[in-house]
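Here is the structure we will look at.
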């Protein structure tokens, strides 16, 4: 939803019945936006908008077919075809090589931008701890090791 949308709905110029109708049509508008993403430009615009909503940076490659969503601690690389179709989604944490992320690929393939945004929020929240980037990297590596150990233990039993 645009930034102006909620302000318009709260305007005293909009009467209660019209306001109710506007609110009831919001889910339909979101569905239309979801399915109207059909070109490279509309997909990259949508990705950049999601990045801004999550307080992340974004930029496009010179070819315009890769969109990078960035923070100090990680970045997400969305690779697109010239027609706007999804090729791959990779996540790279600080100091690591990018790796494909099946969950993000699924969300963007289905044009489920809400779930994609939730996943980005989860990545942001992963690093919302006090300390400098060096400490945050150590915490991430500790969590990664813990996850690996728990996965191994799960397969043992």
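Each residue, glycine too, has its Cβ placed from N, Cα and C.
Features of the protein shown, as given by TrEMBL:
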DOMAIN    32-156  domain 'Mediator complex subunit Med1'
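Applying DSSP to the domain 'Mediator complex subunit Med1' (32-156) sorts its residues as follows: 65 helix, 26 strand, 34 coil. Mean model confidence of the domain 'Mediator complex subunit Med1' (32-156) amounts to 91 (pLDDT, 0 to 100 scale).
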